[in-house]
Amino acid sequence: MTDLDPMKTDLLAAIAAAATLEALDGIRVQALGKQGSITALLKTLGGMSPDERLVQGPRIQGVREAVTTAIAARKAALDRADLDARLARETLDMTLPADAAPQGSVHPVSQVLDEMAEIFADLGFAVATGPEIEDQWHNFTALNMPESHPARAMHDTFYLRAGEGEEAKVLRTHTSPVQIRTMMGQEPPIRIIAPGRVYRSDWDATHTPMFHQIEGLVIDKGITLGHLKWTLETFLKAFFERDDIVLRLRPSYFPFTEPSAEVDVGWTMEKGRRVLGGSEGWMELLGSGMVHPKVIAACGLDPNEWQGFAFGVGVDRLAMLKYGMDDLRPFFEGDARWLKHYGFSALDVPTLSQGVGA
Amino acid sequence: MKVTLDWLKQHIDTDASLETIVETLTRIGLEVEGVENPGAKLAAFRVAKVLSAAPHPQADKLQVLSVDAGDGPLQVVCGAPNARAGLVGVFGSPGATVPSNGMVLKVAAIRGVESNGMMCSTRELELGEDHDGIIELPADAPIGMAYPDYAGLNDPVIEINVLPNRPDCMGVRGIALDLVAAGLGTAKPLAYAPVEGTGAGPDVRTDDAEGCPAFYAQSVTGLTNGTAPEWMRRRLTAIGQRSISTLVDITNYVMFDLGRPLHVYDRAKLSGGLVARKAVAGEQVLALNGKTYTLAETMTVIADAGRVHDIGGIMGGEDSGVTPETTDVVIECAYFDPDGIARTGQALLLTSDARARFERGVDPAFLEQGLAIATRLVLDLCGGTASLPTHAGTPPTTRKRIAYDPARAETLGGLAVAPERQRAILTALGFAVEADWTVLPPPARRDVDGPADLVEEVIRIVGIDSVPATPLPRAAGVAKPTATPAQRLESRVRRAAAARGLNETITWSFLSESQAEAIGGGTWTLANPISEELKVMRPSLLPGLLSAAERNLKRGAGGVRLFELGRRYLSDGERPTLSVVLAGEARPRGWQNGKASLFTAFDAKAEALALLAAAGAPVDNLQVMGDAGDAWHPGQSGTLRLGPKTVLAAFGMVHPLTTRAFDVDGPVAAVELYLDAIPPKRASSFARAAYAPPALQAVRRDFAFLVPDSVSGDALVRAARGADKAAIVAARVFDVFTGTGVEPGHKSIAIEVTLQPGEKSFTEADLKAVADKVVAAAAKLGASLRG
């Protein structure tokens, strides 16, 4: 009877020494193949007496088990080594750049308009719009600026060419005509803001012939200057996300409001920059007032029944104050570098829960 | 409007500081834009006397002076020809800054002789243009006194923005009276000695009762028109007016002091009497500014028998202007209709201080007194003899009566003010308040015509800043959404575009004519553009974006992806539009993909479809058609339509002639999305339609067809999809091939068709039947299955 132990030892040694899958398979065939040494031993079991088989059977099976397990383990080890080698060959310079996705942006003016719409929606204001090529009645006359009114000449109005006998249309000089269209188009109570492009024939460091304005209008019963002040304060506190916004009202004049007030906002110096809040100094921010009874009447409403307030503010200016641009002109130049720097991510959607600033 | 503190105090008796006055002015609506003390920069200059003058040992044109500026003799080198012993002038000691050139004086040797300061000329101190010699003051000027104190230059000038609704504050007195009403002091009476005129008044009348309802005049004969007195010149100079002659200075002085414009005619240059009348169309006048104006028949003028002498209330004529030789004058004090003045001024593009006042409306009750004050000044300063005044016509002095309810201060102004306080304020402002609260505004306050104006008067004096903030009533519950469908759509496409890597820009609404022509021309052209570049309202957003792209590329940008959301201005309205321009490199060269790639029409198509999808448009139902327009590449552009007529978008490559017109090199892909054409999403409940994913797996089958070139991929896909609507759920082109093996005039299109089994799996026979239907449907387009 062959001594099993040396055979087992030899086989296990050979398996451990097999350097390749091919060599390992050779050993498998040699031991477990049809002509293999263990196979041959198994075949001898048939010729044994039952007692002898009872003794030899488990021994031979034991060797077979050990060899099979050793081959599987060795195969796994060789497979792993192969994989490791392949992966090592696949090594890349991970510092190489990935393809850069283009960085899109939302223009600051759009962002600020979205912010304002969000804040004013909470106060119950809807957003209204109107044409930019406007007739003189809506832009001036209905706003208590009859033809010879000096304020009409002060507006630096752009006129459009008109046909013979037609009144020239104008590029709206303010968003106030939307007040008129709204009051004529819907029943009070009214709470709207009306943002949009407006035009004045003026061009220097702080003026461009096209800019953005937002109008606010409230028409209801019993609305007073006090409501105007609260609304502006509330809006500015929310917009700048500061509780120390201080307003100063000064009497002023607009043909379409009476009484009229210019609104100054207090500022403080922070890191060499004027920021709104506090009251180290004052800057003029917006014009406002109680809607003139003549304007209400021009819209077909009874000024004895309905009254309210209106205000207008430069959107570009608010954007500059909040986000720190100090020149208006690049707003309309389409410089991609500027747009990427001062623009906003598509995901910066202003909401009350996440904040209206980005 | 500028006033000086000293001038204000001629009309108001007050102890208030300059600071208080300035604060109060702004608080009551007379916004102070600046305060300047013209004497501040001269504070270091003193009155000094030249004790002796000796020749400079080294220079012929210089002298060595001994100067006493109050601290004993100082040696000063001086080059002025008029420097001499005994002269009293203005001395700057070391440390003083010369206003004209910013030089700081110091002790220095001039050609070897020490000089301890400088004797100054008028120009060096910015007091005038004279530089022929040093200033010569009267011999009795106090030596050592600060020059600004001596010369009365320490009178702060306050610049006030007088708003168009305050005609009464276009004169110093009106401003002073507003301060009085605000409680800052008491008004001084307007004192003047009455004029005892003799002889008939000048021959004046008005034939234009509408344009010039009142024409008052008085003549003065035998006068001398010299130089106005120091105090008058000083005030006029301080507020920026040039002193011209006594007569002219008097008219200016009365205008700025009392808001009462006047005109003085040289009587010797008039032929006959003066009449206020409408101009004859085409009539011309040479105005005092040296320009000739052609008048229209709507304009009011003052003329004599021969010609027009005054564009009534705006500017006098050169021909009858006063000169140093003038001895006899007619002083005009008239009332001109504000609307007429505004129209005439606007038509002639002529502004003047007189127009600014008449246009707002001067006090119609101040003609007689205004004329008397002017005549008094002429008599006092120029001598001569005054005639009696002539009062032709009647100024509109009827006072409005306003029914006022003092509760309005609170119900409109938001500020509770006791009725008696209101009465006091209104009375102080010159309003008459009757017992039943009927209020009569003063004649000078043409702007006041209703209760709201009275509320404003009360509130501004009490202090508009003390109006308490009152919360707007708030609707119950959480704020409701307010955005309209159009606003939601704009917001979604804007953010979708930004999320896709596009940069939002805002470009001008107006273009140059040539830019507008390059895309087919615009409908709306400005009559008064600010520049030729900004003249035509854009019919498309592409020009602005192409120009922006061009600027970015010129600056070295690799790829430019810009979009704008704005309006196109068409003959039938303003159309909300989103346009995209893709220029330069779509992808830069890189280590993975090699060379840079440029944008293609399909990049544009991808953007168009993605943005339409974001807008909620039914993208699966859109048809790709042609006719994007002349601005586009004829073979690489298209429109996306919902049905044959509704164009939702145009996309593709921009026509090379168009890009060339905007100076852009290389191909440009673009999209225009017509936002108002996109159908609004149907309002429905939040619940979605019921859906369960199919249990069985979909099956894919590929077909390669040979089709004539004229057949579009889209047509083939639609035919395939329509072949068996129950089984086929999708079809798409995955290969297009021409060349070897494909006969000329044809192309090979390979499509992948997706079949979705329902309850049970497809059998081979089922699949064969569907495939046959696909082939048959394709055959109708002239397509044959490739072998």
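In case you wondered, yes, glycine gets a Cβ from its N, Cα and C as well.
Because TrEMBL annotations are produced automatically, they should be read as predictions rather than curated entries.
Fair warning: this is a prediction, and the values are worked out from it, not measured in the lab.
Lifted from TrEMBL, the feature list:
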| type | residues | note |
| --- | --- | --- |
| BINDING | B:Asp447, B:Asp453, B:Glu456, B:Glu457 | Mg(2+) binding site |
| DOMAIN | B:39-148 | domain 'TRNA-binding' |
| DOMAIN | B:397-469 | domain 'B5' |
| DOMAIN | B:694-786 | domain 'FDX-ACB' |
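Distribution of TrEMBL features across the structure.
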residue	record	contacts (Cβ under 8 Å, 6+ apart)
B:Asp447	Mg(2+) binding site	B:Asn165, B:Arg166, B:Pro167, B:Arg360, B:Gly361, B:Asp453
B:Glu456	Mg(2+) binding site	B:Gly413
B:Glu457	Mg(2+) binding site	B:Ile425, B:Leu426, B:Leu429, B:Phe431, B:Val448
Average pLDDT across the domain 'FDX-ACB' (B:694-786), rounded to a whole number: 94
Where B:Asp453 (Mg(2+) binding site) falls in three-state DSSP terms: helix
Number of helical, extended and coil residues in the domain 'FDX-ACB' (B:694-786), per DSSP: 27 helix, 32 strand, 34 coil
Helix, strand and coil residues within the domain 'B5' (B:397-469) as assigned by DSSP: 29 helix, 7 strand, 37 coil
Cβ-Cβ neighbours of B:Asp453 (Mg(2+) binding site) (radius 10 Å): 22
Secondary structure content of the domain 'TRNA-binding' (B:39-148), with strand meaning DSSP E or B: 5 helix, 42 strand, 63 coil
